[in-house]
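A quick write-up on the structure given underneath.
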Amino acid sequence: MTAWNIILFFFFLSLMIIAGQIRSAQVKSESQYLLANRKTRLFALIATLVMTELNTSTLLAFSGMGYLTSWWALSLPLVFLIGLIFYALTVAKPWKEFNGISVADYFTARYGRDIGYLVSFILFSAMAGFSATYIKSLTLIFMPLFPMLNAWLLSGVLVILVLLMTLRGGLVAIIRTDVISFILICFFLPVLLYCVWRMPKASTPPLLSLQQMQELLPPQFVVSLILLTMFSYILAPWYGQKIIAARNANTAYLAVLCAAILIFLFYGLGIGITSLLRTKGIMLSQAELALPYSIHQAFPISLQGLAYGILFCIAATTLAGVWSAMVTLLVGAQPAKEKQIKLNRSMQLTILCAVVSYGGANLFVDHILNKMILANIPIVALSFALLAGFYWKKTSRTGVYLSILSGIFWGAACYYHYGETGNYTWYWSVYGIPLIFITGITGSLFYPGQTQERFIQT
């Protein structure tokens with residue numbers, strides 16, 4: 001990248017850091033820092049939900065599949081379209097009506113403190129894994145730009161930049177930067193698609209048949225991802241936090257529906273860009289780098305610094321949102337009298353979450369998409385406890401424990417038995433999700449017990 005683009009990149013980031021600091025000094029309470037005072041309006045909520053999900057890890061993985069499998073990869077964004085519509089129909093309004101401080105807070109109130117602590121541990125661990133993959137993908141994008149830096153140093157600099165943007169203002173700053181990033185991405189992806197379309201052909205690659213595409217991206221894998229997304233996203237702390245931050249339940253419901261459509265379109269554009277790149281005869285050794293290659297080769301040279309700045313913001317707002325949600329888990333599972341945590345404590349916990357994610361990115365993450373899917377095993381195991389908690393008054397603590405244990409055991413067993421090459425997600429989702437609900441229902445019927453029923457939907 002030229003000196004001009006490096007200057008443009010850091011100038012753009014400086015503007016985003018300033019935007020994140022606007023009115024951040026007015027954030028003085030934990031409610032403001034973690035939940036934006038529960039007053040987020042529809043447009044801002046749509047923007048922050050979209051940018052929370054639109055992350056560089058999934059964008060690189062999906063666009064990489066677009067490079068490999070052409071138009072068939074468009075089946076992947078259906079994962080979020082269907083998954084988030086399911087979220088809107090089942091839990092968007094209940095989460096807002098509960099209006100606690102976090103997802104774990106609900107389990108504490110409904111089933112008791114021990115289950116609340118267990119859920120906090122499960123979700124925190126999974127989110128540490130997610131955020132590590134986000135840092136890893138961001139590092140992959142910027143490695144070609146700063147080859148003189150090793151992965152540890154570069155990822156450390158990127159994490160510090162994310163903290164500079166959002167640490168002081170918390171969710172208020174995150175939503176503000178999300179809105180700006182959302183507006184920019186609405187223009188950036190279509191422009192990049194047009195730039196790739198105008199690239200000259202290097203050669204004419206052979207066309208893949210549908211059978212060849214589906215060998216690379218099996219339909220069973222796509223279906224399993226849809227099922228897993230449906231039953232994991234209902235528990236996503238980064239979504240639950242922002243739904244609770246909405247003005248009211250109707251705002252939350254409409255925002256999730258709109259976000260589902262927009263996320264599908266944005267990921268679809270990313271896939272379209274890289275599949276079009278393949279038709280130009282560009283041969284790459286690593287499919288996940290197809291999108292960065294498109295920016296480097298097709299986007300106007302004088303604006304590439306801005307393009308990378310936008311990609312950074314996509315990852316930054318997602319990372320900051322996940323860290324903020326991780327803090328709500330640490331706070332939300334505690335008894336009510338312990339929740340009056342000072343603002344400085346919340347900021348310190350955010351830094352702790354960033355450090356955990358940074359270490360995970362450099363020590364454990366290799367294949368981005370596979371590690372993101374694997375982190376969902378314990379989350380899916382909580383699906384019965386949540387849905388039955390909202391809609392079935394006979395749910396018992398024993399049923400909840402049995403469903404969680406069976407879900408984790410089955411998911412882990414499928415992974416170790418079938419492996420990533422054996423399509424373990426199919427066996428995990430198709431057989432595991434029914435198993436979770438069967439064990440939960442059976443345990444609740446045979447071992448009934450009292451739980452808090454005031455949170456049940458009618």
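Note that the numbers count up from 1, one per residue, in the order the chain is shown.
Note that Cβ sites are derived from N, Cα and C of the backbone, with glycine treated the same way.
As given in TrEMBL:
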type	residues	note
TRANSMEM	6-22	transmembrane segment
TRANSMEM	42-65	transmembrane segment
TRANSMEM	71-92	transmembrane segment
TRANSMEM	141-167	transmembrane segment
TRANSMEM	179-199	transmembrane segment
TRANSMEM	219-240	transmembrane segment
TRANSMEM	252-277	transmembrane segment
TRANSMEM	306-331	transmembrane segment
TRANSMEM	343-361	transmembrane segment
TRANSMEM	373-392	transmembrane segment
TRANSMEM	399-418	transmembrane segment
TRANSMEM	424-447	transmembrane segment
**Item:** Contacting positions for the transmembrane segment (42-65) when only residues 6+ beyond its ends and CB under 8 Å are counted
**Value:** 73, 76-77, 80, 84, 130, 133-134, 136-138, 140-141, 174-175, 178-179, 181-183, 185, 216-217, 238-239, 242, 245-247, 251-252, 254-256, 258-259, 262-263, 266-267, 270-271, 273-274, 286-292, 311, 314-315, 317-319, 321-322, 368-369, 372
**Message:** Below 8 angstroms Cβ to Cβ, which residues of this chain, lying six or more residues outside the transmembrane segment (306-331), approach it?
**Reply:** 1, 5, 8-9, 12-13, 16, 30, 34-35, 48, 51-57, 59, 101-105, 120, 123-124, 127-128, 130-131, 134-135, 137-138, 141-142, 145, 158-159, 161-163, 165-166, 170-171, 173-174, 177-178, 180-181, 184-185, 188, 192, 237-238, 240-242, 295, 299, 339, 341, 346, 349-350, 353-354, 357
**Fill in**
Given the transmembrane segment (373-392), its same-chain partners at Cβ distance under 8 Å and 6+ residues beyond its ends are 90-91, 94, 106-107, 110-111, 115, 119, 122-123, 125-127, 129-130, 133, 225, 228, 231-232, 234-236, 399-400, 403-408, 411-412, 415, 425, 428-429, 432-433, 436-437, 439-441, 444, 451, 455-457
**Message:** Please determine whether the transmembrane segment (219-240) and the transmembrane segment (71-92) are in contact (criterion: at least three Cβ-Cβ distances under 8 Å, sequence separation 6 or more).
**Reply:** yes
**Item:** Stretch-level contact, the transmembrane segment (71-92) and the transmembrane segment (252-277), CB cutoff 8 A, at least 3 pairs
**Value:** yes
**Fill in**
If you count CB pairs under 8 A between the transmembrane segment (343-361) and each of 141-167, 252-277, 399-418, the winner is 141-167
**Asked** Other than its close neighbours in sequence, what residues sit by the transmembrane segment (141-167), given a CB gap under 8 Å and a spacing of at least six beyond its ends?
**Response** 1, 6, 13, 16-17, 20, 56, 60, 135, 173-174, 177, 292, 296, 308, 311-312, 315-317, 319-320, 324, 347, 350-351, 354, 357-358, 361-362
